[in-house]
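Asker: Here it is, the structure, as structure tokens.
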Amino acid sequence: MGNTTSSVLDNIVQGSNFDREEVDRLRKRFMKLDKDNSGTIEREEFLSLPQISTNPLATRMIAIFDEDGGGDVDFQEFVSGLSAFSSKGNKEQKLRFAFKVYDIDRDGYISNGELFIVLKMMVGSNLKDQQLQQIVDKTIMEADLDKDGKISFEEFTKMVENTDVSMSMTLDQF
């Protein structure tokens, strides 16, 4: 990673919401996280960050960053994943990231089972499974406008349109 060529960095800058200086700072952070100098960040290295390890959705976040499903995150995936959180990221990018949290199988829809799994990660044992399932069923019923039993990205967008996703998913400093 230390030998990242200028043209590779330029391509990463072009494909993200970051400028060259921000990408360089991210590269330095990436290198610190890559404790074994493998050029990728493994799950355990991600979880060594206190901000990540205490997040109930940490495993989902890592899976979203790992775009190719290889089990680790390379620098390009790292920048791409963080790009949605940039103040220069638009609302759709932030909504797509939020949608991916729930779309575990990456089929473009949130199923009843996927919604249950992710909400279970968030509430833990604070709700009984039966109570949680009722919430999931009600959410699917309300959000599923075309009545196909699952939530598409468009339906998800309509469901959260009155919440300020842009503000809650923006980090000021990189």
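Every residue gets a Cβ built from N, Cα and C, even glycine.
This is the feature table in Swiss-Prot:
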- 21-56: domain 'EF-hand 1' (DOMAIN)
- D34, D36, S38, T40, E45: Ca(2+) 1 binding site (BINDING)
- 60-88: domain 'EF-hand 2' (DOMAIN)
- D66, D68, D72, E77: Ca(2+) 2 binding site (BINDING)
- 90-125: domain 'EF-hand 3' (DOMAIN)
- D103, D105, D107, Y109, E114: Ca(2+) 3 binding site (BINDING)
- 131-166: domain 'EF-hand 4' (DOMAIN)
- D144, D146, D148, K150, E155: Ca(2+) 4 binding site (BINDING)
Asker: Radius 10 Å, atoms counted are CB only; among the binding-site residues S38, T40, which position scores highest?
Answerer: T40
Asker: Across the domain 'EF-hand 1' (21-56), what does the mean pLDDT come to, as a whole number?
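Answerer: A mean pLDDT of 90 is what the predicted model shows over the domain 'EF-hand 1' (21-56).
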Asker: Going along the chain, which residues at least six beyond the ends of the domain 'EF-hand 4' (131-166) come within the CB cut-off of under 8 Å?
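Answerer: Distal contacts: 90-91, 94-96, 98-99, 102, 108-112, 115-116, 119-120, 123.
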Asker: With every protein chain in view, how many other Cβ atoms are within 10 Å of the Cβ of D36 (Ca(2+) 1 binding site)?
Answerer: 10
Asker: Given the binding-site residues D34, D66, D68, D144, K150, find the one whose Cα is closest in space to the Cα of E114 (Ca(2+) 3 binding site).
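Answerer: Checking each of D34, D66, D68, D144, K150 against E114 (Ca(2+) 3 binding site), the shortest Cα distance is to K150.
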Asker: Cα-Cα separation of D103 (Ca(2+) 3 binding site) and D72 (Ca(2+) 2 binding site), in Å?
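Answerer: About 19 Å separates the two Cα atoms.
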Asker: List, in sequence order, the residues of the same chain other than D34, D36, S38, T40, E45 whose Cβ lies within 8 Å of the centroid of the Cβ atoms of the recorded Ca(2+) 1 site.
Answerer: L33, K35, N37, G39, I41, E42, D72
